[in-house]
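Contents: one structure, followed by commentary.
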Amino acid sequence: QVPAAMGAGFGAGLGLALASSTFIGGSFVLKKKGLLRLCRRGRARAGQGGHAYLREWLWWAGLLCMGVGEAANFAAYAFAPATLVTPLGALSVLVSAVLSSAFLNEQLNVHGKIGCILSILGSTVMVIHAPQQEEVSSLESMAEKLKDPGFIVFAVCVLVSSLLLIFVAGPRYGQSNVLVYVLVCSAIGSLSVSCVKGLGIALKELFSGKPVLKEPLGWVLLVCLVICISIQINYLNKALDIFNTSVVTPVYYVLFTTAVMMCSTILFKEWQHMVLDNVIGSISGFLTIVSGIFLLHAFRDMPFTPNLLPLFLQPGRADPHPPWSSADRHQSCQHQPLLPSEDESSQSAEEEEEEEE
């Protein structure tokens, strides 16, 4: 069953999350379009450390779309649990794949389309079985959760691994492995979601008349959010400039969703009071998403032509009379007898005698 804590915020959070996915999916395509225009002009590429994209209006249009999408996402996190909002980001995969096929000439084969459908179905299952988020109604309670030793260890691991990816793995494998820069965006993104959640609570308190501006935690969360988003934008640009959009978007979604689920579980203790059905449903939905992303990523370069279909499904190749029904055609190997019949053996023996004579 859908958690009761969603209540009135479910509709608002759902609508904002859908709008966010639409704008974010479109932003990937606009940014890629701008980066391709710069490449044709011979400018320094973002994957090689160039920043010429700052003078390209298409890139800024993509950044604006991403800003609108992130703002809608920000509001969605304020109304609904993170594990409800984040899985809906799978829709950005579909939007980006469709727009990339239309405007970037990036072909999406049948495997990719099935992968997108599986990602959406898995996200739907995760939304239905989303864990009930522990109530966080004030900055004081948020501060207590941020002091939890489990979250501190998680945050330190995220920062250390991100630094290793940036300064060690990036120079060696960043140009050949899509996971390097996308992992940086995903890991840092899990912390940005926590900052967004805290700022959403601060805005609610501000509108209710509480002196939130005097609280240092709100300003710390704002600074951390700006730093996290800046890092995400930088390394997401590098990934988009080097690799295919239809690959970067779904891989980023899977890794980002995993990181956010881990962070929300540790910070808000969302999985402690879940029943077994919801646990199984959430895990099944996530595995369905991973399966869809695997289809989209692993078979992206495999052409799917009618020649790969069985003969009876190929257009113009279907034969109403099977080969084995015609006497003048050869039998298939599956219908040939293992031993010669008596007539055939006697005939072959007579031929041998004639040759000897």
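In case you wondered, yes, glycine gets a Cβ from its N, Cα and C as well.
Any TrEMBL annotation is an automated prediction that lacks curation.
Per TrEMBL, the features are:
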- 341-357: compositional bias 'Acidic residues' (COMPBIAS)
- 319-357: region 'Disordered' (REGION)
- 6-30: transmembrane segment (TRANSMEM)
- 57-79: transmembrane segment (TRANSMEM)
- 85-104: transmembrane segment (TRANSMEM)
- 111-130: transmembrane segment (TRANSMEM)
- 150-171: transmembrane segment (TRANSMEM)
- 178-202: transmembrane segment (TRANSMEM)
- 217-235: transmembrane segment (TRANSMEM)
- 247-267: transmembrane segment (TRANSMEM)
- 279-299: transmembrane segment (TRANSMEM)
* For the transmembrane segment (57-79), distant same-chain residues with Cβ under 8 A (at least six beyond the ends) -> 9, 12-14, 16-17, 19-24, 26-35, 37, 85, 92, 193, 196-197, 199-201, 203-204, 229, 233
* Asked: Between the transmembrane segment (150-171) and the transmembrane segment (111-130), do 3 or more CB pairs sit under 8 angstroms, pairs being 6 or more residues apart?
  -> no
* Structure fact -> For the transmembrane segment (279-299), out of 85-104, 150-171, 178-202, 217-235, 247-267, most C-beta pairs under 8 A are with 247-267
* So which residues does the transmembrane segment (217-235) touch in its own chain, when a touch means Cβ under 8 Å and the partner is 6 or more beyond its ends? -> 63, 66, 70, 139, 142-143, 146, 162, 166, 181-182, 184-185, 188-189, 191-192, 195-196, 198-199, 202
* Asked: Relative to the transmembrane segment (178-202), which of 6-30, 85-104, 150-171, 247-267 accounts for the most Cβ pairs at distances under 8 Å?
  -> 247-267
* Okay, the transmembrane segment (247-267) and the transmembrane segment (150-171): do they have at least three CB pairs under 8 Å, pairs separated by 6 or more? -> yes
